[in-house]
Structures are given as structure tokens and as C-alpha cells.
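Engineer: After the C-alpha cells below, expect a handful of questions from me.
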Amino acid sequence: MLKLLSEIGPVIAFFAGFFYGGGIQSATLYMLITSIICITLCYIIDKKVSKLSIISSTVLFVSGIITLISGDSMYIKIKPTILYVIFGIIFLMSGIRKNPFIKYALESIVRLKEESWIILSYRTAAFFFFMAVVNEVVWRNFSDETWVKFKVFGVIPITFIFILLQLPLLLKNKLPDSKI
């Protein structure tokens, strides 16, 4: 539950900051503060922070601070694109190397045949590259308000749909001792 909260908490803070705090600058500040709180809580409670969270937070802090200093919202808007491309490369390379990163992230929940992990890595890489393109299209062609709404009401459902579309692969190729 804490992991989920640490992922969506900053997004909710960004949304609230944009609509109730006065725009992208406020939203960015709220998201940075919430991210620091969430990472700190994760570390205090779990005694660790995942590598993906460290990557996400680093990109967030760099793009967020540049946005706040420069007053240019472009930097916070390209943050998702940068993250999606980084994650896409990580999952693609781990599939190519036959050492799927996604296996380490999900193995406690589901156990699959090795070739299924590789397929899932490629699909996840494709998903992240797709999301990078979608983010670029939305922020470059629509208003700040539309982009912020997309981050909350578009990205989450698209991600959920992607996960649902992976269920047939997971269910067909799970090992007998799998939890799902």
C-alpha cells in the first residue's frame, strides 16, 4: 500500500497544486515536496528505496527544480517522456540480454516460465515507448490544463488497460507455485 501511495501521492499533489494552488509552478513544488515525504517514508518503513523509484525521483527533482528556477513548464512536462524512454530502454535491454528486469520486480507476485518474462519485458518496453510518444503529443499540442488532466485521468487508465492485457500471458504461462 505504501508503494502505491508513494507512486500516486505526488501525482495527486501535482493535480491539486495545479488546480487549487495556481498552476504548473505550484503543482511542481507540491509534487517535489510530496515526493520527498513519500521517499523518506518508504525508506523509514521498508529500509530501502527501489532502483526505479531512485531513477524516477532523480529525474523529477532535476526537471522540477529547473522548472521552478526557470519558470518554464517544458521541463516538468518532458519528465514523463524522459522516464518512459529510460524505463523502455531498461526493459528492452533486459529482454535482449535474457535477464528480464521485470522478473525481479514481479517475481514475488507471479512466477512465470523464463520465455514469458522476456515477452513481458518486450511488451513493457513497447508500452513505455508508446507512453513517451503520447506524452510528447499531449504536452506539445494541448493546454497545460489538458496535459495535467491527461497525467491523472489518462495515464492511470491506460496503464491499467495495459496490465489487464497482460493477464492472458500471465495466466497461461504461470508456474504452479505462482500466487496468481
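Heads up, residue numbers simply count up from 1 along the chain you see.
From the backbone N, Cα and C atoms, a Cβ is placed for every residue, glycine too.
Quick paste of what Swiss-Prot says about this protein:
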- 4-24: transmembrane segment (TRANSMEM)
- 25-45: transmembrane segment (TRANSMEM)
- 49-69: transmembrane segment (TRANSMEM)
- 76-96: transmembrane segment (TRANSMEM)
- 118-138: transmembrane segment (TRANSMEM)
- 150-170: transmembrane segment (TRANSMEM)
Engineer: For the transmembrane segment (150-170) and the transmembrane segment (49-69), check the count of CB pairs under 8 Å (sequence separation 6 or more) and say whether it reaches 3 or more.
Structural biologist: no
Engineer: Taking 4-24, 25-45, 49-69 as candidates, which has the most Cβ pairs under 8 Å with the transmembrane segment (76-96)?
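Structural biologist: Maximum Cβ contact count belongs to 49-69.
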Engineer: The transmembrane segment (25-45): which same-chain residues, six or more beyond its ends, come within Cβ distance under 8 Å?
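Structural biologist: Counting only partners 6 or more residues beyond its ends, the transmembrane segment (25-45) has Cβ contacts under 8 Å with 2-3, 5-6, 9-18, 53, 57, 60-61, 64-65, 67-68, 71, 73, 76, 148.
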